[in-house]
Structures are given as C-alpha cells and as structure tokens.
Amino acid sequence: MPMLQSIKWENNTVYILDQRLLPDKVEYLKCTHYEQIAGAIENLSIRGAPAIGIATAWAVAVASMSLNASSSEELFSDLNPVFQRLINTRPTAINIKWAIDRMQNLIKNNLSLPVSELKDMILNEAIRIHNEDIQVNKRIGEYALAFFKEGCTVITYCNAGALATGGYGTATAPMYLAKEKGIKFKVIACETRPVLQGARITAFELMKAGIDVTLICDNTAGALLRKGMIDFAIVGTDRTVRNGDVANKIGTYSLSVLCKENNVPFYVAAPTSSIDLSIPSGDMIPIEERSFEEVTTIKGVKIAPEGIKVINFAFDVTPAKYVTAIITEKGIFKPSEIKHLRLRQ
C-alpha cells in the first residue's frame with residue numbers, strides 16, 4: 001500500500017494531508033477540533049467519497065472527546081449540531097451521511113452506558129470505519145483485477161486513488177494489485193478540470209508507486225478511444241443509486257458516452273458505503289456547485305476575463321446505460337442488479 005495517507009490518527013489528533021498543495025508540497029493539517037475537519041472537507045484539503053466519510057467519523061470522535069456532557073443522552077444531544085455541520089459540508093457524496101448514520105446508530109444503541117464508555121466506543125468506531133475502508137478497497141481491487149490483462153491500457157478520471165480513501169483507492173486498487181503481481185499495464189489519467197485532481201493527485205500517486213501513467217487533457221480522451229488505444233475505463237463514484245446511475249466528478253458522464261460510442265467497457269468502482277438505495281434515479285441526486293474561482297483561476301493565476309459568468313458543477317450523473325459493470329467489495333454487478341445489494345451498515 002502507498003506510504004502517503006490521506007488522513008491519519010496520531011496522539012489523539014487527526015492529521016489530514018492537504019491535497020490542495022499536491023504535487024508541489026506534502027503537508028498535513030493538524031486537526032484538534034471537528035470544525036477544522038469540516039473546513040478541510042469543504043475546501044478540498046481532503047476529498048474523495050470514502051476519505052471524507054472517514055474524516056466525518058473522525059470529526060464525530062474528536063467532537064465527542066471535547067464535549068463535557070454529564071450523560072450519554074446529553075452527549076448525543078450535544079453532537080446534533082456537529083452532525084448537521086458535517087452533512088452540510090458537501091451534499092453529493094453519500095459517505096458523509098453514511099458515516100453519520102453509523103455513528104448515530106452506535107450512540108442510540110448504547111445510551112445506557114456511562115458517557116466515558118460511550119466516548120471510547122465512538123473513537124473505536126472511527127478507527128473501525130477507517131480500517132474497514134482499506135480492506136473494502138482491497139477486495140474491490142481483487143475483483144477488478146480480472147480486467148487487467150498483460151499489456152492493457154486503462155483510462156481513469158479524477159482521483160479514486162489511495163488519497164481519496166483510507167488506502168489503495170477504489171478505481172486504483174486493481175492497479176496497485178496488478179503492479180504487485182507483475183502484470184504490465186498502462187494508465188491514462190485525465191487531468192480533470194477545474195481542480196485538476198487527475199493531474200495533481202492521480203498522476204502523482206501512481207508515479208510514486210512506480211506505475212506507468214500518462215497524463216492527458218480531458219478533451220484528448222475521445223481521440224485515444226477512437227484510435228483504439230484504450231482497453232477499458234475505470235472510475236470511482238461519490239453516489240450510486242438504485243437504478244445504477246452514478247454520480248462522480250464532473251466530466252465522468254462525457255467520458256462514459258465516449259466509451260460507449262467506441263465500444264470500450266466503462267467500469268465503476270463503488271464501495272457499498274457509496275451506494276444509496278433510497279434514491280431511485282440519478283435525477284434526484286443533489287449536485288454540488290462550487291466557487292466560480294475554481295474555473296477562472298489556476299493556482300491563483302487568472303485565466304478568464306474579470307466578471308465572466310461561470311457554471312461550476314462539481315459532479316455529473318452517468319446514466320446506468322453507459323455503465324458496463326459496477327465493482328463492489330461484494331462482487332461485480334450489472335447496474336440493474338445494484339438494487340438487490342445488501343449494503344454495508
């Protein structure tokens with residue numbers, strides 16, 4: 001597994017890798033208050049659906065330790081503003097709500113315990129959520145490894161890598177496992193405008209792991225697909241819903257259509273924590289809109305005229321008809337089969 005971690009727990013403190021600075025600097029943010037973690041989620045210091053789910057769990061643990069509640073019931077009540085603050089950080093990724101639901105269920109089921117014991121349970125649950133994610137990603141990688149044939153070329157989008165998760169990544173997990181097994185393959189990484197997660201993060205982490213990776217502008221993908229230079233695509237997901245529609249980084253939909261047009265398989269790596277069976281179709285997924293400055297500047301340098309109007313959706317929805325298969329820690333499924341999955345609680 002790559003040495004660099006998106007988030008870690010040391011000496012009763014959460015440390016978050018500030019991914020805004022990659023690849024130029026590797027710096028960790030020291031977080032001793034839940035608001036610091038919430039801010040890091042909002043400003044993309046930490047990003048990737050599984051990683052922000054883990055960060056949410058750690059935020060709840062940090063908050064609970066700082067509260068001076070006299071009973072478990074009082075602790076639960078005092079945590080309600082924390083839950084709401086975290087839910088409001090980023091609306092599209094389901095993992096934040098998933099982590100909060102899990103923490104709330106733990107607390108509700110143990111309100112009879114002394115508050116000190118409940119706080120210990122909350123901390124241990126955060127550790128468990130973090131460790132589980134690493135194992136889930138590895139299992140996704142083991143299933144997806146079947147698609148990695150000797151000499152293949154795979155295209156990926158945004159960053160569904162180790163730095164978007166607790167470790168291994170979702171879409172990148174089979175890449176790390178293929179590398180370990182000595183399978184020769186190439187990765188094409190789309191730069192992923194406007195925040196350039198593919199260029200800054202995916203290219204960075206794959207190069208660091210010694211994986212053969214080539215960076216392209218997003219609008220080069222179609223040309224490579226038409227020339228037959230890509231064997232398959234694999235991407236992550238921030239929320240996959242009951243009918244198999246997939247919300248992921250803006251531009252994923254475009255790539256899926258190009259793959260369909262050129263008869264190239266399009267796979268989605270989805271931990272069950274990112275699957276939301278309460279929503280029937282992608283049309284109902286809330287889509288986050290972010291600051292115009294992400295589009296009009298790159299690393300603080302203006303690239304557009306002052307006052308230009310901007311549309312900046314952070315995510316788009318890929319309809320199930322463009323998805324060849326969804327790879328979870330429970331196996332590989334057709335999009336139409338997702339509604340039958342028993343999800344991880």
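Using N, Cα and C of the backbone, Cβ positions are placed for all residues, glycine too.
On a predicted model such as this, the values are computed, not experimentally measured, just so you know.
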Co-listed substrate-binding residue [Swiss-Prot; alongside Arg47, Gly48, Ala49, Gln197, Asn248, Lys249] among Arg90, Arg102, Arg139: Arg90
Environment of Arg47, Gly48, Ala49, Arg90, Gln197, Asn248, Lys249, the listed substrate site - residues of the same chain whose CB lies within 8 A of the CB centroid: Ile52, Ala93, Cys158, Asn159, Ala160, Ala164, Gly236, Asp238, Ala314, Phe315
Largest CA-to-CA spread of substrate binders Arg47, Gly48, Ala49, Arg90, Gln197, Asn248, Lys249, angstrom: 17
Packing count at Lys249 (substrate binding site) (other Cβ atoms within 10 Å of its Cβ): 28
Other C-beta atoms that fall within 10 angstroms of the C-beta of Asp238 (active site, proton donor): 30
Integer Cα-Cα distance in angstrom, Arg90 (substrate binding site) to Asp238 (active site, proton donor): 11
